[in-house]
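Annotated features, as they stand in TrEMBL:
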type     : residues : note
DOMAIN   : 39-285   : domain 'G-protein coupled receptors family 1 profile'
TRANSMEM : 20-45    : transmembrane segment
TRANSMEM : 57-76    : transmembrane segment
TRANSMEM : 96-118   : transmembrane segment
TRANSMEM : 138-156  : transmembrane segment
TRANSMEM : 191-222  : transmembrane segment
TRANSMEM : 234-257  : transmembrane segment
TRANSMEM : 269-287  : transmembrane segment
Amino acid sequence: MENASSVKEFILLGLSGNQSLQKICFVMFLFFYIIIVAGNLLIVITVISSQRLNSPMYFFLCYLSFVDVCYSSVIAPKMIADFLVENKTISFVGCIAQLFAVHFFCCTEIFILTVMAYDRYLAICRPLHYTTLMTRRACGRMVIGSWVGGFMHSAVQTLLTIQLPFCGPNKIDHYFCDVHPLLQLACTNTYAVGIIVVANSGMITLSCFFILVLSYIVILVSLKSQISEGQRKVLSTCGSHITVVILFFGPCTFIYIRPSSNLSEDKTVAVFYTVITPMLNPLIYTLRNEEVKSAMKKLWCRTVGAE
């Protein structure tokens, strides 16, 4: 059996082999990526520049938008460029680096979404203790914890994959390097590794999803009593968060908590959490939030006025 160094590069089969469809996809996904970068960076700049958006909710939203830009930038540029070329190759080192970055940013986003749910729980169910519990230092530690958790998860997934022998074939039925497609290319029995990969991803995804669901159940139960107008305003932001959670966790859960059996199906579903959700996040959080829209208008007026 040859070792992993026998494969120097992989060939990505992409979303489709249809040349005409690839040209359409190039235009469409390029447009999506521009919206992702512009929309999320606009949120980051707005939150940083606005004195009114200094609450923990917007602090976390700023980091969520930053992670979305990083996450999509790891996948989208390569995918978009591959729509225009026939030979969609990626080096072995580049493939492993992309795998690490994808899981790093994806897991970090999962943890940040969970932290945002905890923030909403405290704001609505324990308003008198909110400012004491959600201090700037506490928020900073939660964000750092999210990054560290994402790094640890990604390190496990990457180390499990990189130690496998790859001796051909080298065609990946996907548009980016992920664990499941690579496991199918390894020239050894990957059953045990596959179980560990699914257990690792499943534990994180399901535990965070459980916390999210529990948080909103407690919030909804607390609404049986009369709430103040201020709490109603805080509650209105939950709808946006729940929408993002469903769009992100649904596809992630479908792919990562089970052994992969149909890669063509998986890569279609992956489009939702790698491209669609990061693109919709800015729209979801701004269209339903008057404070963010107002801050964006003021930022625009200051920018135009300065010119």
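Even glycines carry a Cβ here, placed using N, Cα and C.
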How about the transmembrane segment (138-156) and the transmembrane segment (20-45): at least 3 CB pairs under 8 Å, pairs 6 or more apart in sequence, or not?
no
Which residues of the chain, 6 or more past the ends of the transmembrane segment (234-257), have a CB below 8 A from one of its CBs?
57, 106, 109-110, 113, 116-117, 120, 123-124, 180, 198, 201-202, 205-206, 208-209, 212, 216, 219, 223, 227, 266, 269-270, 272-273, 276-277, 280-281, 284-285, 288-289
Sequence-remote contacts (6 or more beyond its ends) of the transmembrane segment (269-287), Cβ cut-off under 8 Å?
15, 29, 32-33, 35-36, 39-40, 42-43, 61, 64-65, 68-69, 71-72, 75-76, 102, 106, 174-176, 178, 240, 243-244, 247-248, 250-252, 254-255, 293, 296
Other than its close neighbours in sequence, what residues sit by the transmembrane segment (20-45), given a CB gap under 8 Å and a spacing of at least six beyond its ends?
14, 61-62, 65-66, 68-69, 72-73, 76-77, 79-80, 83-84, 275-276, 278-279, 281-283, 285-286, 292, 296, 299
